[in-house]
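Note sheet for the following structure.
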Amino acid sequence: MNFIDQEEQVIHILKDKLPSQAKYHIMTYGCQMNEHDSEKISWILEQVGFHATPDPQEADLILLNTCSIRHSAEDKVYGKLGELKHQKKQRDLTIAVCGCMMQREESRNKVLEKCKHVDIIFGTNNIHKLPALLLDHYETEKRTIDIDESFQSIDDKLLANRYYPYKSFVNIMYGCNNFCSYCIVPYTRGREVSRPSQDILNEVRALVASGVLEITLLGQNVNSYTPALENGYSFTHLIYDLAKIQGLKRIRFMTSHPKDISDDLLMAFKDLDSLCNFLHLPVQAGSNSVLRKMNRRYSREDYMRKIDKVKNLVPDIALCTDIMVGFPEESEDDFQDTLDLVKYVQYDSAFTFLYSPREGTPAANNIQQIPKEIKQDRFNRLTETLYPIFEKKNKALVGKTLEVLVEDHSKHDTSMLTGRTESFKLTHFRGGDRLIGKILPIKITSANSFNLEGEFIGS
Ligand code: SAH
Ligand code: SF4
Ligand code: F3S
């Protein structure tokens, strides 16, 4: 039974209870997993009879899909909830909060106690219950809360209102089993569950039939994809099966864990045209002692060996990473190991963070926390090391012609279009609407640390 059949009655009753022309607005915080969950929530709301609005001021329902990864991510949500309190005094507004913060008891209790203006609370595993929660709220006019801590009930057949028609996220697994000592995700998203491969392949076939050219497979650790009852079927098998789908031009995935990335998968980068020459492989730190305390279960040498291997197989591969500075007990020498490693790898891009203690994770209990000023100083030195490397790598592309999937107008200059190369480099060039959604050859004319500029050389 699909979602609509299951929820038919609820949707039917709910439609009558909604304000006429009811509008919703979703604010999404956090990672691609949350972005994709918001696309699913948006799909549900439209089945129920809501219409999307880009303007929160005119929404009847505002939904905050929250993230817990760092303290700052949670602070943004509390700040937004403060603003919404004033809006709610002025008009009839329903406020819903969902996502990772709501899976954490501490944050949920804070919202329950301090934000009485929040009407609906649900978690990451029960998105499909939203129509019932809305109905309950509209009928009782009381606060409605539903959190599922069993992580058993994710409805992986939910459809999504995809943000772009040409590229799509596809969940392949939920949760994480790794328990890196700093990370909240295993507590907010539960243990790993892999989707059956046929469900994924069918979803991608349907997307391609509707015009999608590029998919990004989502999972916290895609390399440990292990669908139940599919003996020996691995992430690499899935990639090879997806590559057989006619019309699917680009396959990406995120994120890989360095301890689990297999030689077979590295080989697939060489073998398969549609597997993009871009690898996001979070290293977190370059010091073995810090990596051990983080419970990452690889050494800097293991990591560098994997990087050497993939560079040998695919010389033009673009490399991206996540790095954290200021982990408890991190010494200046440890930090120097991180700087050495980034110079060795020569990344094309990186997400850099100051370590943020998360209550409930082992690292937060370590009494040797690093002072804020030291963290900030290391962060600055890290980015000062990284940005010239990014610039050098990007400048090496000037004069080359690269294929770009054109996504949209540039936000700053509407006569410019933006898209991504296969290597995930953001590229701007002059052009009109009719080019959006196409993969085009763009001759790169200039570059800086974060993007490329070029010219469309076709007609
Ligand atoms: N599953 C992915 C990461 C998801 S979280 C992976 O393992 O690669 C994205 C990034 O946020 C992590 O790679 C890490 O660099 C950062 N991060 C996670 N917890 C953090 C914390 N407590 N403080 C600062 N950064 C953190
Ligand atoms: Fe967090 Fe580690 Fe899991 Fe990534 S692999 S989500 S960093 S626990
Ligand atoms: Fe993603 Fe943040 Fe949750 S990074 S998995 S939305 S804690």
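Each residue, glycine too, has its Cβ placed from N, Cα and C.
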(request) Write down the one residue from Cys67, Cys115 that TrEMBL lists together with Cys31, Cys100 as binding [4Fe-4S] cluster 1. (result) Cys67
(request) Determine, for the [4Fe-4S] cluster 1 site, the additional residues of the same chain whose CB lies within 8 Å of the mean position of the CB atoms of Cys31, Cys67, Cys100; present them in sequence order. (result) Tyr29, Gly30, Met33, Asn34, Thr66, Ser68, Ile69, Ala73, Gly99, Val185, Thr188
(request) Can you check how the pLDDT averages out over the domain 'TRAM' (395-458)? (result) 95
(request) May I ask for the distance between Cys31 ([4Fe-4S] cluster 1 binding site) and Cys180 ([4Fe-4S] cluster 2 binding site), taken between their Cα atoms and rounded to an integer number of Å? (result) 17
(request) Just jot down the residues in the same chain as Cys180 ([4Fe-4S] cluster 2 binding site), at least 6 apart in sequence, with C-beta under 8 A of its C-beta; none if empty. (result) Gln284, Met294, Asn295, Arg296
(message) Please list the DSSP helix, strand and coil residue counts for the domain 'TRAM' (395-458).
(response) 4 helix, 34 strand, 26 coil
